[in-house]
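Heads up: the structure comes next, in structure tokens.
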């Protein structure tokens with residue numbers, strides 16, 4: 001984010017929240033701060049890399065809107081090309097690099113995007129499976145929650161069937177309030193009936209971006225990811241490409257011949273809109289994009305049927321039927337409302353239709369001539385009115401059945417059959433049976449969801465902004481600066497109250513910024529403190545206890561590295577030594593992990609000293625947040641937990657606790673009366689402390705009776721634990737090869753869009769024209785349906801009607817049959833037929849899911865933790881060198 005009035009680029013509040021959450025979760029599970037954190041400047045902005053407790057990597061990519069395109073589709077293109085283009089290329093052609101410390105020995109783990117470590121055994125069998133066909137990308141939203149078993153079930157689908165390009169699970173909306181209750185039942189019905197029918201009869205049309213698993217080879221297939229990078233230039237493309245990017249990606253997969261599946265046993269939970277406005281804006285995007293992608297698939301139906309074995313012409317006809325039903329949805333709901341007027345107020349059929357038509361027409365005019373916020377306000381008012389009417393209609397239908405003495409009436413049959421169908425469906429989903437409670441809420445909100453919302457989404461089709469999860473830039477910027485300053489104050493223990501402006505300067509924050517980045521511009525703030533608070537706030541900046549490095553990395557000290565390397569040389573004389581761990585080395589020898597790490601660190605330190613990495617403005621504040629691990633209080637806790645974790649599987653519990661006790665005493669002796677609990681140690685203090693801790697650990701280990709070789713290995717481990725405790729966040733840069741990859745990718749696909757004003761005006765005119773055509777088509781078709789019903793009502797049931805036998809409660813046949821107009825009966829029958837087809841598909845899919853779950857449970861493995869010492873690690877494909885990604889590889 002660029003501060004107003006300056007050129008300073010700082011991370012926004014979302015990044016700060018994410019960093020704090022990662023650190024908090026790390027503390028919850030390990031009771032210490034993150035050990036190894038890298039802050040990397042990249043061609044697209046920045047990257048933060050965390051080494052998780054078991055050795056896995058967490059990468060956080062920070063996008064600068066001035067360097068790379070924003071919005072979700074371009075972020076997907078960015079990470080898909082990165083994972084499949086760069087990471088995938090590295091996996092197949094890994095360079096030989098010095099091995100880094102990694103405790104997760106049994107997994108295939110990427111180390112800094114450079115190489116993959118594989119166990120000594122079964123190398124070839126593992127390497128041959130590293131391919132795009134067996135590479136999967138999990139697409140998630142930031143607010144999605146799931147259990148590991150849900151992901152494994154999706155992986156199982158892609159593993160078993162080679163033609164499956166994507167798989168999705170059951171999405172559960174979370175939150176509180178009436179809007180969430182409505183969505184709970186809507187999501188349930190959509191998955192129980194619609195998605196299962198699509199899965200059984202053909203393919204799922206949309207694998208939602210909040211929780212989906214994609215096959216790498218499917219994405220890299222012709223006309224999929226390459227076409228997904230297409231920039232929208234026409235009005236229809238803006239609607240289809242950017243308003244529903246996950247649906248468009250699935251459409252491309254289907255047209256290319258891949259299958260998209262739905263797994264009902266894979267549950268994921270995601271936040272849903274809790275406000276009426278947010279819900280309407282979300283569905284404003286979903287509605288037109290769903291229709292556009294479905295019409296695109298139907299338009300290419302013949303070619304898709306030839307290419308995709310899972311799609312038949314019967315499935316195409318089924319989709320045509322569902323599209324026609326959705327298009328006529330507003331008219332159908334209007335007739336339902338007219339029937340409610342007729343039941344509740346005893347109004348004639350023709351008059352009830354006229355009354356029911358007036359509110360939608362008025363609301364459509366309001367949407368054309370007023371602003372979006374006012375439209376949503378009117379929709380909310382009308383939704384409440386319709387909810388009361390539907391509630392009255394529900395009880396009127398029940399009263400009518402009681403009055404007629406039978407439920408065999410069109411409305412009675414419809415209500416009873418719907419209730420039974422949904423009840424049986426819920427019973428077949430026992431874990432979700434509680435969703436049936438929200439059915440009444442869904443029923444009374446049908447006019448709002450299928451009439452008012454359709455009108456709102458169609459009339460506002462020309463608005464291509466998302467409308468959800470967007471914030472006011474100016475407010476967000478001011479909030480961000482305030483939070484940053486408050487957190488900086490907490491880190492350095494300043495008891496002050498700082499208010500932020502854009503014009504005035506603060507000497508305190510200037511000194512912080514200069515310490516972080518001496519050549520960078522200072523941030524501008526205004527402070528409001530008492531004289532005593534101001535005097536105390538300057539103390540940390542006036543002492544030499546500043547933790548922030550300038551041109552030297554604090555994680556490794558040259559003297560310690562030399563001493564550690566000398567110790568390791570004495571222990572490895574009997575082993576095959578290698579002076580060069582580069583590409584010319586043909587084989588790997590097995591030697592102690594920590595000794596190798598120390599040699600590698602020494603080499604890395606020499607390389608870092610040759611070159612000073614310049615820091616951008618955003619790096620300093622982020623780095624300062626991670627430096628809180630070097631406070632006196634945190635160091636004590638981190639050291640204790642680090643020792644326990646390092647020696648957790650060594651059958652040395654007594655020795656472990658003795659080390660924890662003695663090293664804690666050493667730390668207290670070195671720092672007591674020198675620094676405060678929340679003071680961050682300086683470089684010199686960290687060096688002295690590391691020497692003292694290493695010497696103390698050496699003394700403790702020498703007093704224990706054990707073999708010399710085992711003692712040396714434990715000593716190296718303890719030294720590594722001490723080093724990890726005292727390591728500071730690393731500020732690094734990408735390799736030349738990866739930088740070249742990103743530069744080419746940005747230039748070709750992700751360069752920020754800067755369309756001229758004339759083009760934007762033309763697109764705006766085209767969007768309005770497309771909006772007008774879509775509204776006109778919807779309006780004409782729905783008006784024709786309503787007019788036909790109106791004239792049939794006007795003619796009367798005596799002239800044109802269908803006679804249905806009327807049965808009394810005692811089972812006898814009444815003398816006078818029920819007379820029903822043919823159009824209403826045909827609509828009810830067609831809707832009932834559609835529901836019946838989906839219900840039958842659901843029954844089949846339930847059995848299908850049961851078989852899959854039983855097969856998965858029967859083959860589920862128990863993974864036992866392996867000792868890090870038991871496996872020797874080698875590098876794969878040692879002949880690869882000087883990897884360069886050219887433009888032909890993109």
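Cβ atoms are placed via backbone N, Cα and C, with glycine included.
Unlike curated records, TrEMBL annotations are generated automatically.
Of the listed segments 735-756, 801-822, 823-844, TrEMBL assigns transmembrane segment to 823-844.
Per TrEMBL, the range carrying the annotation transmembrane segment out of 260-284, 285-309, 435-459 is 435-459. As annotated in TrEMBL, transmembrane segment covers the listed stretch 376-395 rather than the other ranges in 196-215, 216-235, 236-255, 376-395.
Within the set 140-160, 161-181, 350-370, the record from TrEMBL flags 350-370 under the feature transmembrane segment. Among the ranges 108-130, 407-429, 476-498, the stretch that TrEMBL annotates as transmembrane segment is 407-429. Annotated by TrEMBL as coiled coil, the relevant range among 647-685, 686-724 is 686-724. Across 316-338, 350-370, 407-429, 435-459, 775-795, the stretch most heavily in contact with the transmembrane segment (376-395), judged by Cβ pairs under 8 Å, is 435-459.
Sequence-distant contacts of the transmembrane segment (350-370), counting only residues of its own chain at least 6 positions beyond either end whose CB sits under 8 Å from a CB of the stretch, comprise 330, 334-335, 337-339, 341-342, 378-379, 382, 385, 451-452, 455-456, 459-460, 775, 779, 786, 789-790, 793-794.
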